[in-house]
Every structure is written in C-alpha cells, then in structure tokens.
C-alpha cells in the first residue's frame, strides 16, 4: 500500500529531465558559439600576419588556406549552434509544455490524475487489508489470553490454599478464552479469504492505472530518443557535404604549393630577373646639394661607414621600424632571437587569453615582406662580418664583439624613436649600455639588452648610479 508513489514521482522527474536536457543542449550550443568565434579571431589574426610576413607565392596561399578552412568551419559551428537552440531546444521546450500541465495549486495535472487513480484503485483492497490486520491482532490477543488462563489454572491446582470456587472460576476462564480463540481465528480466516478474493480485482485496477503511467513515460522516452538523434545529426559534421569539401579544398590548396614556381617568382621579382636600375651619368644640380645628416656627420667624423647590412652577432636582428607586430603599437623593437616557445603551456596569470596571444604574436615575425632595405654599402674589410683573417676558418662571424672597456650602463630619461636605420628606439626607464662617448654632434653609440647596436641622443639618458 502506498508504493505507487514511486510511479507517480516519475512524472515529476520527467518534467525535470526535460529541463536538464534543455540545459545540456544550451551549454553545448554556447561552446559551439565560443569555438566558432575563437576560430574566426585566430584566422583573422594569422591571415593578417602571413600576408604581411616574408612568406610568398604558392606556399603562402597554401598557408592561408588553413585560415580559410577555419573561417568556413567557424560558419558550420555557428550553424550547429543555431540548430541546437532553434530546433532541438525549442522542440523540447514545446513538448514539455504540451505534455505537462501545471495546476493553480501547484504540481502537474498528470501527477494528480495518476495519484487519484492509484488511490481509488487501492482503496477497497486497502480497507479489507485493514480488516485483516485487525482480525489478526484480535486472534493473537485471544491466543495470548488463552495461554495465560491455562497457566493460571495449572498453578492453582498445585496451591492447596485455593478453595473449589476459585478453582472453578479459573477453569471457566480457560473455557471462555478457548472459545474466543476459535471465534477470532474464524473471523481472521474469513477476512483473509475476502482479501484474497479481492486481490485479483485490486491488481487489475492498479495495473490499469500503472499502464497509463507507463504509456505517458513511454512517450517521454521515445521523444528523448528522437531529440537525441536529431542532436547527433546536428553535431556530426562528418556527414555534412560542405564540411568534407572544406578539407578536400584545403588538401588541394596545399598540394598546389610548388617550390619551383615560388623560386621562379622570387627570381623574377626579388632576384636577378627583376628590372635593374643601373647607374647612369647624372649632371650636377643645385637641388642635389644638401647638408649632411647627423648620421653622415657621425660616419665622417669616425671614418667608419655604418651600413644596414652589417650584421654582427649583436646586430643579427636590425629590424625596420615598420616591422610587423600585428597592429600592436610599440616603440620597443622586437628581437628575432626571442626566447618565446609557442608550444609551452600558458601560465595561469591575471592576463586574458587575448593579451597573451597578442604578446606571442609580436615575436612571430621580425619584418614584413614589403619592407624597404637600406642601400648603403661598404667594401671595408673591417665592416664585413663574413671576412676572416683566419686561414683555418675557425672564427665565427656571428660571435659577439668583445665589449670595449668604456661600456657604461645608462637609463633612458625620455622616449625616443629612431629616425634612421642605425638609430636605437627606447622608452623612458629602459636600460641600455653606452659603448662610446658623446661625439661632436651630441650622439652616443649604445647597445640595447636585445643586442641591437646603434646611435642615440646623449642628453636622452643618464648614468645608472
């Protein structure tokens, strides 16, 4: 009696499970949306970097094909998100609304109907069961009284102090108790028989209500299975023709990369095949007469020619001030020899993911493909990093120069952005090493901590005490 409540509770559980399934789908849709946005941002950032970077030709197009793949896959995942929310989520929500009807006093109509049906079917049998329990209790009490009366009679026979009248009363008590046992036993057996006779009808009525609950639950289970299959179809991109086409197109783009074609292009546009600008005789003109720049004065006074292609170990990364840093404005020139490893795990710091990614990107490429190169040159052996007086070739032209004894650590007082190729750029507070003292024009030669060597205004720094 009362165990039908587990079946009734299942109806309320079905309503809650609809909410759980909707929440599950909603969370997955949000993940799909975030993934799609991250793919788009990644593709945009790297497409810009590759287009500005030094890669060229068919390999560049093959590389950019990955960004195109990410953009198309992003669109597909946005479609997945839309399908999950607009179709599956709404379908569950509408089915739940149609299947479960709330009452004014709380609870659901379906729950109350099941509760009333079970209670009505169980009421006659439960009443008879109650009668059986009462008859059993009366029978057991009579048996107990009979046993007590017999015990008293037996004890009285051994007691000489009892008169015959008292003994007679005890014997009568035993007889009455035996008759009570017979009556209660008969009543108990009769009520039990009536209960047994009512049991088949009771089981039929209860099973009828139970089957109604089973049918209601079957509808929910079949509906869940149907929805889950639709969700699977929306999530399974392997059967989407456009998804397969994305990777078929990506493979074709990568296979079209042709090293021979790229080398031919580079030869024609950046090598011996490009149009030449051979020197020709030029008449003197007053417009050509100009004042020497401070850079040229510096070279003239020192008797040393500084060129943009003079790369020593300390100057292996002489970046152009237009170096690509993926739209990140910075006066500090990034060095090629960065210690950044793009495959290391990010530390859990307070900075956001986008900030970390921006910091990484600034170190990826040191120059743009279209940057201009200085045309200064020198045939002096002292400025040729590849010349060597060592017949055995033991010297390394990329070894760092031995620092002069005059080196002094200084700190920048103001921001300065180099105006020419051989000038340093730094910000106020940056530290660098002064390699030569101030010249006549007020310029010093120094070295940044990233190894770049160049000129800077002497009055922009102060010695570190």
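Using N, Cα and C of the backbone, Cβ positions are placed for all residues, glycine too.
Curation plays no part in TrEMBL annotations; they are all automatic predictions.
Note on TrEMBL: of 167-198, 199-230, 231-262, the range annotated with the feature coiled coil is 167-198. With DSSP classes pooled into helix, strand and coil, the tally for the domain 'SH3' (405-465) is 3 helix, 28 strand, 30 coil.
Here the domain 'F-BAR' (1-262) returns a mean pLDDT of 91 for the predicted model.
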